[in-house]
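Remarks on the structure that follows.
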Amino acid sequence: MLCEVAGHQRLNWQVWIMVFSIVVFGSIVNEGYVNRLDESEEHCIFNRNRNACNYGITVGVLAFLSCLLYLALDAYFPQISSVKDRKKAVLSDIGVSAFWAFLWFVGFCFLTNQWQASKEEDNPMNEGGDAARAAITFSFFSIFTWVSKAITAFLAYQRFRLGADSALFSQDYMDPSQDSGMPYAPYTNEEDATDAVGTYQQPPAADAFDTETQGYQTQNY
């Protein structure tokens, strides 16, 4: 959800999540409803259970939108200066990823059960069979993509706790090489300094009472 530690891995997982979500709800929307020859009303291909189709479409669309939301959060994440806000963002990514993995697991089990319970007389032409199998298969794959995304976010959180990446979670990070205010004087060689300055000699002291050296003359009034 959200850091430079595993940014490329997170991006890859989120792309796969979006693709799998599109396949699931797209398959159901396009070919998930069929009708018999003697009926005009279309029914869900999964055992004529409309709830199964609605569940697959709803979870797929919401998962796609959720992934877009966290992509935007990843782009905004470097601008978050508060350590607490960054921690909340990472923890929310872990929680949301685990929640969606659970929803996809339920969806996989639900769609598989209803597909196995479907009657041949309800779909004698076997229409939409490939779409139903594709929705079930990619629901299964979606479980692992969300779990992997949660693990990636958890590893980023562990690095935050251990302080392994201070540049990522610190509020006022400064590269030591860029710090020009170091209070250290430059090193100079003692012999070079002596040669440059020369040998110091104290000038002879002047006699304060010597009128000739000071140019004092007595004036007659």
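Using N, Cα and C of the backbone, Cβ positions are placed for all residues, glycine too.
Please treat TrEMBL annotations as automatic predictions, because they have not gone through curation.
Since the structure is predicted, the reported quantities are computational estimates derived from the model, not experimental observations.
Features as listed in TrEMBL:
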- 211-221: compositional bias 'Polar residues' (COMPBIAS)
- 5-158: domain 'MARVEL' (DOMAIN)
- 198-221: region 'Disordered' (REGION)
- 12-29: transmembrane segment (TRANSMEM)
- 55-73: transmembrane segment (TRANSMEM)
- 94-115: transmembrane segment (TRANSMEM)
- 135-157: transmembrane segment (TRANSMEM)
(message) Checking distant contacts: for the transmembrane segment (94-115), what same-chain residues at least six beyond its ends satisfy Cβ-Cβ under 8 A?
(response) 1, 24, 45-47, 49, 52, 55-56, 59, 63, 66, 70, 132-133, 135-136, 139-140, 142-143, 146-147, 149-150, 153-154, 157
(message) Checking distant contacts: for the transmembrane segment (135-157), what same-chain residues at least six beyond its ends satisfy Cβ-Cβ under 8 A?
(response) 1-3, 5-6, 9-10, 13-14, 16-17, 20-21, 23-24, 27-28, 32, 56, 63, 87, 90-91, 93-94, 97-98, 100-101, 104-105, 107-108, 111-112, 115
(message) For the transmembrane segment (55-73), give me same-chain residues lying six or more residues beyond its boundaries with a C-beta closer than 8 angstroms to one of its C-beta atoms, as numbers and ranges.
(response) 1-2, 14, 17-18, 21-22, 24-26, 28-29, 32, 89, 93, 96, 100, 103-104, 107, 110-111, 135, 139, 142, 146
(request) Let me know the model's mean pLDDT on the domain 'MARVEL' (5-158). (result) 85
